[in-house]
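Novice: Grabbed the feature section from Swiss-Prot, which reads as follows:
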type    : residues       : note
BINDING : E97, E99, D128 : divalent metal cation binding site
Amino acid sequence: MLGRFVANGRIYEGSFEIDGELLVFDGYEVPLTAVKFLPPVVPSKIIAVGLNYIDHAEELNMPVPEEPILFMKPSTAVIGHDDCIILPQISQRVDYEGELAVVIAEDCRNVPETNAADYILGYTCFNDVTARDLQAKDGQWTRAKSFDTFAPLGPYIAEIDDPSKLGIQTRVNGKVVQKSNTSNLIFDVFQLVSFVSSVMTLKAGDVIATGTPAGVGMLKDGDVVEVEIEKIGILRNTAVKIDRQIRCEC
């Protein structure tokens, strides 16, 4: 695993292992209960992909896109594991969207699909939080996708040889609301790295969010949302209304 975390009042960054209830880092063992995971990277940009699961396209009764549909989320929206998703007053419907995220290893441009794996640092969980009513109102996605706290990322980066058959599910208050597999991606991870890098330079630490499966839905004040991906782990966040509590410990 790769990532950033706080333990004993200090910030650590690098490679570590999780052994049961312990985090093992540079020869030291720290109870996971004493660890606060930070966002594993601070990307220069987040490139997200719309309508990239077959089951999600079927759910919306929309045709499969001929090429990836790209949009951006700002790095200022990033939060980590156990941080709070702030539900803005201006929106009456904020949705979860559990996703697999690809973390770029080094600066790259025009990467061939066959070489894409060489430029991937690893994979992590992502939640493409969206103010759905604003998305519909605006007719484009920037405002709806860009509020602070609307890009939960983590808890850490896993190095995975084959990301093509990973189980993915999202839970709200313990109830499974999304369940799929990355084998249902319309454009796979390597296709996405190649396509995105043909459009823009990818910087080390940049994130490509690969799209969400069927089952997106609304978050309410106090909801606990978890995105779990096979071979990676669980990203957990709590939704909080901004008029109730601006800063929270959760």
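Glycine is no exception: its Cβ is also placed from the backbone N, Cα and C atoms.
Looking at the shown structure, can you explain where the listed features end up?
Specialist: Counting only same-chain residues at least 6 apart in sequence, those with a Cβ under 8 Å from the Cβ of E97 (divalent metal cation binding site) are N127, D128, V129, T130, T170, T212, V216.
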Novice: Reduced to three states, what secondary structure does DSSP give D128 (divalent metal cation binding site)?
Specialist: coil
Novice: 10 Å Cβ neighbour count around D128 (divalent metal cation binding site)?
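Specialist: I count 27 other Cβ atoms within 10 Å of it.
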